[in-house]
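Pulled from TrEMBL, these are the features on record:
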type     : residues : note
SIGNAL   : 1-23     : signal peptide
DOMAIN   : 88-165   : domain 'PA'
TRANSMEM : 192-210  : transmembrane segment
TRANSMEM : 231-264  : transmembrane segment
TRANSMEM : 299-316  : transmembrane segment
TRANSMEM : 378-404  : transmembrane segment
TRANSMEM : 410-430  : transmembrane segment
TRANSMEM : 437-455  : transmembrane segment
TRANSMEM : 492-514  : transmembrane segment
TRANSMEM : 526-547  : transmembrane segment
TRANSMEM : 553-572  : transmembrane segment
Amino acid sequence: MEINWDVFIVILVVVLSARLGSAGDIVHIDNVAPKRPGCSNNFVLVKVPTWIEGLEDNEYVGVGARFGPTLESKEKHASHTKLALADPPDCCSKPRNKLTGEVILVHRGNCSFTVKANVAEEAGASAILVINNQTELFKMVCESDADVNIKIPAVMLPQDAGSRLEKYITNNTMVSVALYSPKRPAVDIAEVFLWLMAVGTILCASYWSAWTAREVAIEQEKLLKDASEEFLQVGAAGSSGFVDINTTSAILFVVIASCFLVMLYKLMSFWFVEVLVVLFCIGGVEVRLSSYICMLSSVWGLQTCLGALLAWYAYYFPVAFGYGTRKSYNVLRATMFPRIHALLSSFSEQVISHMTLTAKYACSFRWFRHYAESFIKVPFFGAVSHLTLAVCPFCVTFAVVWAVYRRISFAWIGQDILGIALIITVLQIVRVPNLKVGTVLLGCAFLYDIFWVFVSKWWFHESVMIVVARGDKSGEDGIPMLLKIPRMFDPWGGYSVIGFGDIILPGLVVAFSLRYDWMTKKSLRAGYFVWAMTAYGLGLLVTYVALNLMDGHGQPALLYIVPFTLGTLITLGKKRGDLKTLWTRGEPERPCPHVQLQPLEQKE
């Protein structure tokens, strides 16, 4: 079928989410700032715990200078040292107060950082803390003619932290500090769980997609074989509930996705993230922004998944125990939601048709039949089943509670539940019809990922994708269209995250491979799904290895996932002789059951 552009842009908004990243860089490798012997340190984040009158107080985060010795990596090796305020405050000249190994607190400005450090060292300070003149941190570099033979560490603090410490000292309060820069573990358990979440989500979505596709094919073959008028009635009742992507939309993905990503980058602020959060949580409605911009919601995804679970449970029990037949679905589909199809736009038609399709067997189960076949009129939506009304309030409440309390420590659980439900629903509705479309889609996404993670630094002086993923300038932990898990054994804390696009885009191809296996009745060993699923898992694993080798710098996951996934399917298909069918049709030929081919009699 031709792709619906409203639906395509909705899915595009979802997959635009920033790619795989970590909790944030603690090592900033800067090849622009000048380097020379004695001035070649990486800019590392430094922890500065404080004690007020011997009692533990706040812990601040600063950044180490390009010059000076490296700091201890473990807190137990960092000594508690008294903090003293420089006099004069800028430390551009010899301090009037006598120092005996204290850490000196100075203000930025009036002279270079290396001059401040040299003056502090000559005065007897054991380290220097520089208070920045703004809340952000600044990289302290060396001048070309500076004396960099500095033996004490130098750390810059943000303005608010330095002002607080300065206030304590001026009130004659004893303040002591410790300076250390802990290293991140090579592997955190959060990455293992995130890998399992991504692979498990695609696994569940693929089986759901293949199962519904097979049931639809069986139903159509049965109706066609019986030459029943019911087939025509069902076919006229609505769309199939699925959206097949074509090559044109796959190519346009790069252009539209890039435009939306730049918009996120330019408009990234607190209020803009709030808007994204609201759109992430709204369910059951199509939101149009200007012309043809709409947002898929997590409530809809959660509701669809819950309905599907009930449908799955209601299917196997009736078939096993003889409670009902599939015919009830045909009647239901021909009559369900008549006003919704007339009132809502094309995207809503896809959603309603899909919900009807996944919930078809619930009508056969005796516990749900009454609620699924009884309807109530709802303004604007028309006739809605009681089963839908029973599930919807729970999903809406869940999303609203998460949105309100999303800043608490365990809110990531709710975000992951909503995200997984949304991803599974998208992978169920949106489909790749053949390997050709899948190759074009993943190829475009591959280039898109590389450009906005690496190449964009040349134009914007920073990685646009990583900035959007971190939610810089927004006061948030990033945009909500991410799966994330807190880094449990990382002294710096934070989250390991993966964007929806790194799951949805390759997941479309993986789900296609399982549908093909089931339609061709291939076993797991002889099919393509196990190979595609394994290739995705290995590609994601390699991404995490690269992430750790790069000291936590964000990596484009599709850079590694796409070659693994597509390379495996194309190579295996060519070896088995199925590449032409996979590339063009994407499914086996099904001859019409009414056409009986008779063998030709040989003429003498």
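Even glycines carry a Cβ here, placed using N, Cα and C.
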Listed stretch, out of 192-210, 378-404, 410-430, 526-547, that has the most CB pairs under 8 angstroms to the transmembrane segment (553-572): 526-547
Counts of helix, strand and coil residues, the domain 'PA' (88-165), according to DSSP: 18 helix, 14 strand, 46 coil
Result, the transmembrane segment (437-455) in contact with the transmembrane segment (192-210) (3+ CB pairs under 8 Å): no
Residues from the same chain, set at least six apart from the ends of the transmembrane segment (437-455), whose C-beta lies under 8 A from its own: 15, 19, 244-247, 250-251, 253-254, 257-258, 261, 463-466, 501, 505-506, 508-509, 512, 554-559, 562-563, 565-566, 569-570
For the domain 'PA' (88-165), the mean pLDDT of the predicted model: 88
